[in-house]
Amino acid sequence: MEDTPKQPLLQQKTNDEQQEPEISVQDYFVHRWSTHSFLQSFVDEGDDIPPITGTRQFYKAFTRESKKLWYLAGPAIITSLCQYSLGAITQTFAGHVGNLDLAAFSIENSVIAGLSLGVMLGMGSALETLCGQAYGAGQIEMLGIYMQRSWVILLTTGVLLNILYVFAYPFLRLIGQTEDISRVAGKFSIWMIPQLYAYALNYPIAKFLQAQSKIMVMTWISVVALVLHIFFSWLLMLKLGWGMAGGAVVLNASWWFIVVAQLVYIFSGTCGRAWSGFSWRAFQNLWGFARLSLASAVMLW
């Protein structure tokens with residue numbers, strides 16, 4: 001029996017001039033599951049580890065594969081830890097401001113910002129598969145288009161999530177929080193609206209750079225952002241006595257520092273054909289891209 005050839009996620013149109021590949025939700029899910037690490041472990045590929053017959057061969061294979069894994073995973077882990085620590089550091093300093101401020105920030109960070117971040121990650125998760133396949137297929141110029149298209153969708157999502165931030169006080173009261181905590185958390189949520197749009201820009205940028213294995217630049221930017229965040233959180237929240245207003249300023253500024261620094265790196269020309277400037281093609285096929293984003297968000301949730 002002949003093997004049925006795999007259909008690529010990005011289907012090319014058969015025209016003389018290269019056009020943008022079509023996006024299929026069905027093919028997206030087939031590709032997503034076929035590349036799952038559990039299923040992929042049963043596929044025999046040319047670069048698989050040869051059969052191990054002894055302890056020495058096991059040690060050599062283990063060392064070689066571990067080096068490959070940590071070369072990519074190490075910087076990604078540091079990046080995630082640094083970005084996660086931004087909120088944790090602010091929460092730590094909030095405990096020095098007061099018990100009510102600590103409780104209010106914890107609620108805002110875990111409920112309002114946490115829910116928004118989850119929606120953003122879900123809506124942008126289709127970009128990881130699309131950028132990876134486009135880069136592997138040699139369609140480098142599509143990386144920038146996909147990133148811009150994801151920006152449009154996530155920024156639109158951010159506008160809708162603004163409702164949650166603006167009406168955080170009645171929402172928190174609805175789910176059973178106390179009057180004082182809901183009032184302070186509601187005020188802090190409004191201050192943190194700029195962070196929401198930093199989320200919308202940062203996630204597509206991260207997938208754009210990861211598809212090109214440009215992870216170290218993300219790591220260095222995140223490390224610098226964390227160091228500056230710690231210093232300015234102490235300065236504004238405790239030394240100058242700004243309290244939670246200072247925490248909101250520093251947390252927003254830290255996330256936007258990460259976004260702006262990564263954009264400067266991309267716009268400087270270091271990404272080659274992957275970034276050729278802003279394009280109106282980012283507004284083409286938005287509905288197809290949005291369907292993939294929604295489907296991916298539902299799958300993650």
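Each residue, glycine too, has its Cβ placed from N, Cα and C.
In TrEMBL, annotation is done automatically, which means it is predicted and not curated.
Taken from TrEMBL, the feature region 'Disordered' applies to 1-21. If you look up TrEMBL, you'll see 69-90, 110-130, 151-172, 184-203, 215-236, 242-267 marked as transmembrane segment.
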> With pairs closer than 6 in sequence left out, are the transmembrane segment (242-267) and the transmembrane segment (215-236) joined by 3 or more CB pairs under 8 Å?
Replying inline: yes
>> Using Cβ atoms and a strict cutoff of less than 8 Å, what residues sit near the transmembrane segment (69-90) while being 6 or more residues removed from its termini?
In response: 105, 109, 113, 206, 210, 213, 215-216, 218-219, 222-223, 225-226, 229-230, 233, 237, 247, 250-251, 254-255, 258
> Any residues 6+ beyond the ends of the transmembrane segment (184-203) with a Cβ under 8 Å from its own?
Replying inline: 100-101, 103-105, 107-108, 112-113, 116-117, 120-121, 124, 127, 150-151, 154-155, 157-158, 161-162, 164-166, 168-169, 172, 177, 244-245, 248, 251-252, 255-256, 258-259, 262-263
